[in-house]
Structure formats: structure tokens, C-alpha cells
């Protein structure tokens with residue numbers, strides 16, 4: 001089409017890569033909101049921006065592999081971590 005917009009076709013479901021992410025032999029489901037924090041600078045930034053005091057008790061939902069949990073333990077008094085995925 002001269003002067004028109006080209007339309008890019010979306011890949012069919014069978015051509016798409018599965019929405020799973022693998023780490024240490026465990027399959028993570030991004031469609032269920034499972035994301036693993038691997039970048040230590042990002043983890044440090046999250047903890048810093050949270051403004052946690054040494055007397056704070058922290059509730060962490062979905063701690064996964066515990067990368068953020070470790071830093072939260074260093075920053076606060078206590079961490080209560082709730083994980084529904086029994087593989088974690």
C-alpha cells in the first residue's frame with residue numbers, strides 16, 4: 001500500500017514462546033505475576049525507597065527465591081513472608 005500504514009500481524013499462540021521463566025530448574029509463570037528479582041541494584045533500590053526503619057515489621061507477599069527478603073531482613077526488625085507456591 002503506497003502511503004498507507006503497514007499492519008504487523010501478531011504471532012499465533014502456537015508460535016509464541018511460553019510465558020514461563022526458568023531459574024535453577026524451577027519454572028516461573030509470568031502470567032500469574034511471578035517475576036524473579038535478580039539485579040542486586042534493583043533490590044537495593046526497592047529497599048531504600050521503601051523507607052524501612054530498623055523497628056519495622058515487614059509483610060512480603062510472594063517472596064519467591066528470597067532475593068528481596070534477605071535485604072528486607074537487613075533493613076527491618078522482622079519479615080513475614082507469604083508464599084502460595086509450594087515449590088518456593
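Positions of Cβ are set from backbone N, Cα and C atoms, glycine also.
Caution: TrEMBL annotation is automatic and unverified by curators.
TrEMBL annotations:
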{"type": "BINDING", "residues": "35, 37, 62, 83", "note": "S-adenosyl-L-methionine binding site"}
{"type": "COMPBIAS", "residues": "1-10", "note": "compositional bias 'Basic residues'"}
{"type": "REGION", "residues": "1-27", "note": "region 'Disordered'"}
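A Cβ within 8 Å of the Cβ centre of 35, 37, 62, 83, the residues given for S-adenosyl-L-methionine, is found for these other residues of the same chain: 33, 34, 36, 63, 64, 65, 68. Packing around residue 35 (S-adenosyl-L-methionine binding site) is summarised by its Cβ count: 12 other Cβ atoms lie within 10 angstroms of its Cβ, all protein chains included. The Cβ of residue 83 (S-adenosyl-L-methionine binding site) has 15 neighbouring Cβ atoms from other residues within 10 Å, across all protein chains displayed. The maximum pairwise C-alpha distance among 35, 37, 62, 83, the residues recorded as binding S-adenosyl-L-methionine, is 15 Å.
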